[in-house]
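> One structure follows; several queries about it will come next.
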């Protein structure tokens with residue numbers, strides 16, 4: 001772009017000269033340009049004309065679309081996480097409430113794409129391998145969305161490099177790493193969120209680079225435009241997937257460094273000037289993204305207005321805002337002497353008792369009270385019925401008979417005529433918790449032990465206890481333990497039912513229960529109400545309350561995803577491409593989709609990062625000894641431009657070491673994009689010590705400097721071409737694993753297992769049979 | 001400056017040392033403290049280099065006397081009634097026990113390196129401890145244990161920390177007043193007192209941390225004067241040795257290494273930027289530090305383990321954590337030589353390579369799930385149920401027992417074999433059922449199947465594949481050689497590999513390790529080797545082999561790995577654990593010991609503690625401000641005072657943060673006492689801040705302020721001292737002392753008034769309701785009035801930090817596998833039970849789904865409206881229960897007694 005001077009000057013007149021290297025008074029410096037130009041090789045000058053650049057980017061984009069869309073209809077089955085994200089698209093179309101750990105933007109886009117291609121949301125994406133064609137799902141339309149975004153990422157990567165002042169061939173190098181990367185291709189061809197995430201991430205980087213280049217024209221309309229664009233795309237990244245928050249952090253770090261420089265006394269700025277900058281960035285990069293993020297959620301909640309599978313995650317008050325929700329329909333106030341069934345919130349078992357007694361002595365030698373067993377039972381049964389007995393005088397009729405928050409109650413087991421009790425005897429499985437049992441209702445000798453405090457969750461004093469929605473803890477009055485259960489089975493003597501015991505920490509998670517159903521009531525009104533089913537209007541709840549609750553749950557559940565997965569891998573494996581993910585297999589024809597990157601591109605990227613760290617380390621040490629091996633301009637480029645890429649890479653990579661949740665190699669893809677950029681700039685440095693400078697647009701207050709041009713000579717195009725061919729060959733070689741077609745024989749699979757740690761299917765046995 | 005108001009001797013040059021030059025008139029300021037120096041400076045005597053060569057400290061004789069006095073106070077505070085309580089306190093459970101094991105040379109494994117434990121053992125040994133006390137529970141009264149001598153080790157090291165803190169601050173160029181303040185703060189820090197009075201590792205750790213800091217500061221002073229002098233080398237070597245000692249006490253010592261490391265790197269960075277230092281000189285600096293600060297500590301650390309191994313030569317309960325080679329080196333665990341060759345017909349025991357799960361094992365119990373055939377597990381101990389006979393499977397249909405008549409055939413790769421369990425005569429078998437725990441598609445169940453005389457089916461066939469042999473035994477790559485060949489067993493029909501991993505089976509398999517057949521087997525987990533082989537066909541003089549004895553280095557590395565994995569695995573909760581964010585606030589302590597209406601509760605001196613935290617935070621704020629000001633062009637850092645205190649406080653802050661923040665990354669169980677090394681730095685930092693704040697005041701006023709601070713600290717100490725020493729206290733005083741609601745010492749344990757009658761006479765007799773009332777149940781839950789207190793339940797109260805428990809008992813508790821234990825008297829009853837339960841449980845579909853069986857019962861009782869069925873079923877159940885238990889008479893009687901106690905009002 002910065003290549004040919006006369007092109008530049010023509011542009012300048014039109015006032016669209018946002019271009020980096022455009023000196024505001026180019027004519028003055030023609031001498032310098034002339035002085036530099038002869039040393040440039042012809043090929044370098046040619047490639048850096050705008051026409052050549054446009055041609056390169058066009059070719060790259062076309063290839064990108066081709067690679068991403070090739071056989072996009074194959075397989076016509078549900079693949080890997082399409083189980084989730086396809087399902088969510090259906091829910092948007094059906095407007096049924098669901099819950100997921102990721103923010104909704106990318107899924108909303110899928111819903112939009114589905115709606116656009118006329119999908120009616122009937123399919124449930126239950127299992128990997130379910131057929132789309134048999135179920136008439138327009139899945140190609142859904143898959144086209146990430147494929148388009150994934151393809152567009154390639155020209156954006158090119159543009160980032162170009163804007164940072166690298167020459168065409170270097171920019172093409174970075175773009176090729178993404179273009180022929182099997183992992184990016186595989187991830188973009190399926191209904192997954194990562195392509196959207198990466199697309200917005202690269203847009204964020206692009207906008208930030210553009211913004212940063214205008215730093216001498218601060219507060220100009222363009223400056224504001226790119227600032228707001230950065231904020232917008234950043235918010236979109238964040239709203240696409242939960243790890244998009246790392247993009248926010250990355251931009252935040254870059255901005256802080258930027259502000260720190262502005263603060264520098266030696267720059268001669270006043271504090272007022274600093275605050276102006278600070279406030280502008282706060283507005284563009286904090287306030288605006290927040291608004292966008294919130295509005296995405298607003299749209300999400302506005303669309304999902306019907307009851308759906310996500311109800312159970314939410315609090316009762318939230319659930320009552322959903323049309324057709326069970327809580328909304330069936331929640332009634334509970335009165336004394338009602339017979340109810342009580343369910344454990346986490347494990348969904350009923351509070352149950354039966355005439356069998358605890359064994360006298362347990363296997364570990366502890367002694368029980370031999371009282372009647374109280375257990376958790378998963379099925380409907382008349383032994384689940386409990387009657388609520390008051391401990392105070394009641395009026396004959398009326399609202400005085402309603403059970404309220406903080407009341408002290410007894411629970412009568414209807415079938416055996418005994419009341420629930422707990423006492424200071426160790427429970428069958430946990431010596432630290434109290435045993436729950438029952439006591440004959442007429443025997444008042446242990447009356448105190450049968451009293452329980454009813455403590456409703458988030459309740460105001462005197463709030464009525466309602467079935468379904470009234471989550472409660474049952475606190476034993478004398479010993480202050482809470483009725484608690486956990487998913488552990490009792491031995492055979494209790495028919496392997498679940499243990500219920502008294503936990504001394506009443507705030508423990510498993511101590512929340514709710515009344516599932518009012519089986520019988522003495523109150524005729526309620527009885528009548530129980531019969532009829534009316535359609536109620538959903539209640540309304542403040543958006544911010546809903547948002548806050550949802551956000552909190554997302555964080556909790558995200559942290560809770562710790563179950564092991566056969567294809568989960570640790571962050572240390574990722575940059576070296578040590579393991580992939582098996583997305584889909586089909587025995588017939590031995591087809592499989594295995595998410596794995598192009599090993600040449602990945603190792604080149606890691607190599608780039610290592611070389612970068614090595615160069616900077618050596619430079620620091622040398623400077624300490626008074627040597628300056630790298631010219632200042634080049635050094636600044638390494639620090640500022642490559643440094644930004646490194647920040648993006650590191651911020652999207654290292655936090656995963658702190659996460660204990662399930663991690664997969666596709667979490668590295670955003671970092672991989674950044675590492676491709678690093679690799680490009682390092683290649684530029686290795687090939688030649690010349691750079692395009694300056695790249696930032698001149699401002700009125702800045703003294704212009706002479707323009708210099710990068711010159712990589714002939715070797716750069718040759719090297720990049722060789723690299724591209726190598727990438728392309730390897731890409732083709734692995735492509736059966738990426739596209740799931742054609743099928744491979746065992747030997748072919750073995751040949752494609754480039755690293756022994758890849759766990760491909762259908763591999764031929766290496767040790768021959770006898 | 002108030003210098004002009006002061007009445008003091010004129011700062012004239014000392015006659016004995018005439019000024020050496022006109023520009024720098026005197027060097028005598030070295031004698032004077034910081035105030036005098038400033039005065040001198042104001043009169044034109046510019047501070048120059050210190051004349052005395054020792055970089056460490058310059059302490060006047062008056063100060064020495066003061067220091068001795070402070071040390072004596074510390075001795076009084078630390079050793080006061082050291083013999084009380086005369087029973088086991090908190091982690092003495094572990095560290096006392098370890099001392100016993102050292103004395104009896106029984107091998108054990110602990111998560112901490114050995115130095116501190118060795119010191120404690122030494123004290124016990126010198127005072128004649130015979131190692132026969134078991135340190136079983138907290139509160140157990142000592143019998144014939146020189147526990148006072150053992151407690152003296154941490155106590156004396158705790159005392160020694162006090163003068164060290166004084167000297168360190170002096171070496172950091174603080175005033176004597178400040179240093180005294182620090183020494184007294186440390187003396188009266190309740191937490192440090194409590195921690196140093198018992199047989200625990202933290203007091204040695206803190207002492208060596210303090211020692212390292214002192215040596216390092218001394219070295220830095222020396223380095224400014226005259227590098228590569230004898231003193232310089234001495235200080236540097238001492239720093240290295242002391243670093244080795246810290247890390248040999250506890251791995252937390254690595255943080256001290258990091259502190260010194262950071263400091264060293266900074267020094268080197270400065271040197272590198274100093275263009276007067278030639279590259280050669282820089283290299284000398286670098287090598288000297290590498291030698292003394294890396295090599296010396298590493299050698300010291302390894303030497304400690306060398307002593308550790310030398311002492312622990314016998315077998316003990318830590319064996320199970322170590323590899324077979326390692327165990328072979330222990331007395332009593334050695335293995336007899338065994339035949340080197342394995343042939344068809346050999347009886348072998350097969351061990352898993354990658355885990356310590358042990359031997360391929362089977363026993364006459366069936367899987368409750370899947371095929372319901374006989375279980376195959378990994379079992380860690382030697383046992384006749386580990387014996388398998390290798391049979392040839394290629395001769396299909398012919399007699400399986402014909403091996404005895406055929407010529408000797410060695411087992412070679414590709415051979416198709418069967419493994420027959422010697423005790424039950426069933427073959428190792430795999431088939432398309434999911435294993436009980438690893439219930440995934442690519443895993444098949446492995447069972448033992450067959451009847452005597454029946455040659456078995458194709459599912460018993462395994463293909464033998466050699467993975468690697470030993471380099472020294474070339475034969476071992478060509479055929480199966482005992483101990484030398486690592487092999488895999490591939491199931492002939494399904495192609496899966498015999499596999500095991502660190503997954504325990506449930507109770508019904510006695511928590512032994514799961515064995516499966518895995519189609520995607522991780523290579524390391526599918527490797528096996530033969531440990532013993534016997535064959536009647538082999539002549540008695542045939543070649544025999546045994547384990548190679550590992551050298552020190554491989555034993556050392558293996559133990560490090562075991563310690564690391566176990567340490568990282570300590571993630572259980574403990575009643576008194578806490579997270580790092582709670583420590584600087586002193587949110588909660590640790591209950592060490594409760595007995596006889598007295599209590600020891602680890603809690604810091606709130607005033608000292610909070611003051612130190614405040615100092616840390618004020619440093620952060622001030623330093624942040626200074627950075628911002630520097631950025632805006634203020635020239636603060638050209639002020640010598642700012643530079644001096646920045647260096648001083650910066651170093652202490654570095655120490656604090658490196659000893660504190662890494663804990664946030666640890667997911668293991670953490671306790672308040674993990675903060676103590678950081679606390680030491682924080683206290684020094686608070687005194688550094690004091691030095692700065694009072695630097696413009698007159699010495700007398702400074703002394704007065706220091707005195708006030710010390711008096712408040714002492715008052716705090718006295719107020720909470722009954723908890724530190726376990727002294728008699730009253731309930732009311734205890735309630736008053738609970739300044740934070742989260743301090744959960746249990747006041748109800750104290751009497752209403754300290755009348756000594758109440759405390760007299762009842763010493764060490766079991767208390768009615770305080771201690772666990774029954775051998776099996778729990779004590780009364782103490783519910784405290786208005787305070788929403790975390791349970792105070794004696795059972796959990798008196799619990800040691802369970803980290804060490806991992807090693808405490810046999811790691812693989814196992815009831816059965818010993819064929820003799822097979823309960824004879826239970827046999828008929830047990831089979832009865834099984835019949836009944838099989839009536840109740842419909843032969844359920846595969847899968848563990850208990851609900852299917854329980855729903856059968858439940859629906860029966862439910863449908864009939866609590867009618868006859870449920871009653872009869874309950875009767876059946878009752879009899880079964882009684883039958884299952886088969887309780888002997890005395891058990892029954894005991895249980896009856898317990899029931900009487902629990903329910904005095906009677907029941908039944």
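The chain as shown is numbered from 1 upward.
Cβ coordinates come from backbone N, Cα and C, glycine included.
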> Can you dig out which of the ranges A:97-117, A:223-243, A:307-327 TrEMBL describes as transmembrane segment?
A:97-117
> To what whole number does the mean pLDDT across the domain 'MIR' (A:331-391) round?
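Overall, the domain 'MIR' (A:331-391) comes to a mean pLDDT of 86.
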> Between the transmembrane segment (A:191-211) and the transmembrane segment (A:672-695), are there three or more C-beta pairs closer than 8 Å, counting only pairs 6 or more apart along the chain?
yes
> What are the DSSP helix, strand and coil residue counts for the domain 'MIR' (A:331-391)?
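Counting residues per DSSP class in the domain 'MIR' (A:331-391), I get 3 helix, 30 strand, 28 coil.
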> List the helix, strand and coil residue totals of the domain 'MIR' (A:462-518) as derived from DSSP.
6 helix, 27 strand, 24 coil
> Mind checking which residues of the chain, 6+ beyond the ends of the transmembrane segment (A:672-695), have their Cβ under 8 Å from one of its Cβ atoms?
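Non-local partners: 2, 20-21, 23, 153, 157, 160-161, 163-167, 170-171, 173-175, 177-178, 181, 183-184, 198, 201-202, 205, 213, 575, 597, 601-602, 604-609, 611-612, 615, 630-631, 633-634, 637-638, 641-642, 645-646, 648-649, 652, 705, 707-713, 715-716, 719.
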> Mind pulling out the one from A:165-185, A:246-263, A:600-622, A:716-734 with the most Cβ pairs under 8 angstroms to the transmembrane segment (A:643-660)?
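Answer, by Cβ pair count: A:246-263.
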> Sort out the residues at least 6 away from either end of the transmembrane segment (A:165-185), same chain, that have Cβ-Cβ distances under 8 Å to it, and list them.
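Long-range Cβ neighbours of the transmembrane segment (A:165-185): 2, 20-21, 44, 47-48, 52-53, 56-57, 60, 63-64, 67-68, 150, 153-155, 157-159, 195, 198, 580, 595-598, 601-602, 604-605, 637, 641, 665-666, 669, 672-673, 676-677, 679-681, 683-684, 691-693, 695, 710, 712, 716-717, 720, 723-724, 727-728, 730-731, 734-735, 737-738.
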> Going through A:246-263, A:600-622, A:716-734 one by one, which has the most CB pairs that fall under 8 Å from the transmembrane segment (A:283-304)?
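Per the Cβ count, the answer is A:246-263.
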> In the same chain, who gets a Cβ under 8 Å from the transmembrane segment (A:600-622) while lying at least 6 residues past its ends?
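For the transmembrane segment (A:600-622), the list is 176-178, 180-181, 575-577, 628-630, 635, 638-639, 642, 646, 649, 672, 675-676, 678-683, 685-686, 723, 726-727, 730.
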> Please indicate, using numbers and ranges, the residues of the same chain that are 6 or more beyond the transmembrane segment (A:716-734) and have a C-beta under 8 Å from a C-beta there.
43-44, 47, 67, 167, 169-170, 172-173, 176-177, 179-182, 185, 596, 598-601, 604, 683, 687-688, 752, 754
